[in-house]
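According to TrEMBL, the protein has these features:
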{"type": "BINDING", "residues": "112, 113, 114, 115", "note": "(6S)-5,6,7,8-tetrahydrofolate binding site"}
{"type": "DOMAIN", "residues": "6-180", "note": "domain 'Formyl transferase N-terminal'"}
{"type": "DOMAIN", "residues": "206-304", "note": "domain 'Formyl transferase C-terminal'"}
């Protein structure tokens, strides 16, 4: 296969494996297009994006327009004369002119089994909704939001232990491998695009910090999915005496446990932190107190106390 001239558009670390695979396969990555650099949370340092760091390490030019639709940005992309644009978690909407600029068009690595979970946060919602599998779809992009024809899919299981961080990383690697296979088939002309069934389409809205609020009156499995489906970002949390406590690494403890939802049933270095849910209880394996680092709950309890019987998440 003759190497393709590719422009990769991506901002988060989801795009890094795709960049690596394209380079390893011998394709000519003309440029990496990503969002502008932003200050860190404290606003005192400009942070390079993961995909930008990787591109610079590989000696690939980086283009960071504030708005990709400006005439200047469009002219820059046109001058590259790419065969195809590959998009992976870029974060800006591409105009029709940009989408159809390269001879092979534009393809997207999307972190769901389309048409399920179109939109911004497909990886989070697959876990939050209790799906037993997720996957990636390579899609030919059109002007709709994740509505283009599907070129290929690959699947990955979701277990009770799977966090959104783990699933994100698995899908990034899986999508990168699938991308190379798909490009090969596109060049050979052996791929048959598949239309999405609109009747089966669902949408994955953005997640924010409020998404992580734990409602202990939910079932054990729902609370478990809330914690895993927001780990590491935005992080599931509860409150005690006005303090926000982030919770990680949940394990189902038992069914029909007596007590009130949110009640601390156990809190010691042997049992860890066990909390009542609507229909059972969960052990919280790790916690993060305000201003502190995430740590094993048992380690926290070696020097601190959480009073048994207290209710977490009380307004």
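Cβ coordinates are placed from backbone N, Cα and C, and glycine is handled just like the others.
Other residues of the same chain near the (6S)-5,6,7,8-tetrahydrofolate site, with their Cβ within 8 Å of the Cβ centroid of 112, 113, 114, 115, are 110, 116, 117, 118, 122, 135, 137, 146, 150, 153, 196. This prediction places the mean pLDDT of the domain 'Formyl transferase C-terminal' (206-304) at 96.
Shown for the domain 'Formyl transferase C-terminal' (206-304): DSSP residue counts in helix, strand and coil, namely 20 helix, 41 strand, 38 coil. Cβ neighbours of residue 115 ((6S)-5,6,7,8-tetrahydrofolate binding site) (same chain, under 8 Å, six or more residues apart in sequence): 146, 147, 196, 197, 198, 200, 201, 202.
Within the group of binding-site residues (113, 114), the Cβ with the highest number of other Cβ atoms inside 10 Å belongs to 114. In this structure, residue 113 ((6S)-5,6,7,8-tetrahydrofolate binding site) belongs to neither helix nor strand by DSSP; it is coil. Cβ neighbour count for residue 112 ((6S)-5,6,7,8-tetrahydrofolate binding site): 24 (other Cβ atoms within 10 Å of its Cβ, all protein chains included).
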